[in-house]
Amino acid sequence: MLVFPPHQPDETLRSLASPSSLQGPELHGWRPPVDCVRANELCAAESNCSSRYRTLRQCLAGRDRNTMLANRECQAALEVLQESPLYDCRCKRGMKKELQCLQIYWSIHLGLTEGEEFYEASPYEPVTSRLSDIFRLASIFSGTGADPAVSAKSNHCLDAAKACNLNDNCKKLRSSYISICNREISPTERCNRRKCHKALRQFFDRVPSEYTYRMLFCSCQDQACAERRRQTILPSCSYEDKEKPNCLDLRSLCRTDHLCRSRLADFHTNCRASYRTLTSCPADNYQACLGSYAGMIGFDMTPNYVDSSPTGIVVSPWCSCRGSGNMEEECEKFLRDFTENPCLRNAIQAFGNGTDVNVSPKSPLLPATQAPKVEKTPSLPDDLSDSTSLGTSVITTCTSVQEQGLKANNSKELSMCFTELTTNIIPGSNKVIRPNSGPCRARPSAALTALLLLLLKWAL
């Protein structure tokens, strides 16, 4: 059974038993998962749920874990909680009552976990949109469809700022945070960080992603462009400080605030590196990861680019692992989720290149049969770990096979997939060289070739 750690109930938990003005037959029986504000209203209007919450409030007040677990009434209250609409409720980022919703969520879920977890589940509803949806909305995109020679010389981050100025809402909110974050308070206090953070949150929450993403994740060919990208959030006020705090201390500070805690949990949910997917992102969804990253800007855990390198993408919160003591390993692990995260790096590069992963075939494969089971998947060259280096044809063809576990009757398609995966990619370039494309032929290892031929033979 799930158990509660001892902690004081907050104002939201006290409100769980408050009367509701809602009346009528719609309250009879539990509904499918709803947002936590609505779930709270449903519980308050149901006598058994509201009375159990009053009991739960008393259980959580001033008792240690063992005392609470020994009390049958507390256990009964916990069982009611797990059957209530509050247990599965979620919130929407940017919703009208987002803070209230998150307060209700955490008042429940902090009590359902024992101690502090390294990764916490996101309180937000899952993201179903993808980067390709944003590409369709953007009127112009950083380099996509342009002449390669012209695109290489363009400052895409400058183009993104110009595009923002053409949109009234984007221009207004961007001008607002620039003004606030650049306003010096005194010779010793360069700005009001609290107000700067608030203005940044309003910008990234209220301006459509096709504008904000272009400013945050624009692709760069030179240092001047990369520095403009780094300066997007006015880091001297919103990000940097005199000293870097310990990352675990910064995480603890973030988790004392419901909004910051939620955005960090959402980042871990959507950007945590997965080695079971083509892109290293959960569900191969770049959009979910980039949205979670942008959602942390304007909080204590605000991330940013660590330097002005146009090619090496490294982001981090303003913290270090100095002074971690016996928690250094945990601290380094936390920091690597930003600085060495293949999902986040691939997502940023994918947006800058104007590419996305097609995780479902455009048309059904007819007919389709189950693919043969393979004991061991052949390892690929290190360059293939960055999915953004692969061509669109590789993604479309091979994803259909890898993601759905299917094989087409036409062996030509499967053969093309294996051919693409064994091509050599020039490090630091998007160019793909096929083994038979020129006099200087790049050949895969003999063992890899034999294994691929065996797989192809099974497919036939």
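Cβ coordinates come from backbone N, Cα and C, glycine included.
Summarising the annotation, TrEMBL assigns compositional bias 'Low complexity' to 377-387. The disulfide bond annotation in TrEMBL covers Cys43-Cys49, Cys157-Cys218, Cys164-Cys170, Cys181-Cys196, Cys191-Cys237, Cys220-Cys225, Cys247-Cys319, Cys254-Cys260, Cys271-Cys289, Cys281-Cys343, Cys321-Cys331. Annotation comment: TrEMBL describes 36-113, 157-237, 247-343 as domain 'GDNF/GAS1'. Marked as N-linked glycosylation site by TrEMBL: Asn353, Asn409. Annotation source TrEMBL lists region 'Disordered' at 1-26, 359-387.
Location within the structure of each feature annotated in TrEMBL.
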residue : record         : Cβ neighbours (10 Å)
Cys49   : disulfide bond : 23
Cys181  : disulfide bond : 23
Cys196  : disulfide bond : 25
Cys218  : disulfide bond : 26
Cys220  : disulfide bond : 23
Cys247  : disulfide bond : 25
Cys254  : disulfide bond : 21
Cys271  : disulfide bond : 26
Cys289  : disulfide bond : 29
Cys343  : disulfide bond : 25
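The two recorded residues, Cys49 (disulfide bond) and Cys164 (disulfide bond), show a Cα separation of 48 Å. The subset of recorded positions (Cys157, Cys164, Cys225, Cys260, Cys321, Asn353) lying with their Cα within 10 Å of the Cα of Cys271 (disulfide bond) is empty, i.e. none. The separation of Cys157 (disulfide bond) from Cys164 (disulfide bond), Cα to Cα, is 11 Å. Here the disulfide-bonded residues are Cys157, Cys319, and the one whose Cβ sees the fewest other Cβ atoms within 10 Å is Cys319. Its Cβ taken as reference, Cys237 (disulfide bond) is surrounded by 22 other Cβ atoms within 10 Å in the chains shown. In terms of DSSP helix, strand and coil, the domain 'GDNF/GAS1' (36-113) has 52 helix, 2 strand, 24 coil. Here the Cα atom of Cys237 (disulfide bond) is found 6 Å from that of Cys181 (disulfide bond). Asn353 (N-linked glycosylation site) sits 13 Å from Cys157 (disulfide bond), taking the CA atoms of both as reference points. Counting residues per DSSP class in helix, strand and coil order gives 59 helix, 2 strand, 20 coil for the domain 'GDNF/GAS1' (157-237). Put simply, of the disulfide-bonded residues Cys43, Cys247, Cys319, the one whose Cα is nearest the Cα of Cys331 (disulfide bond) is Cys247. Take the CB of Cys43 (disulfide bond) and look out to 10 A: across all protein chains shown you find 26 other CB atoms. For the domain 'GDNF/GAS1' (247-343), residue counts in helix, strand and coil come to 52 helix, 7 strand, 38 coil, using DSSP.
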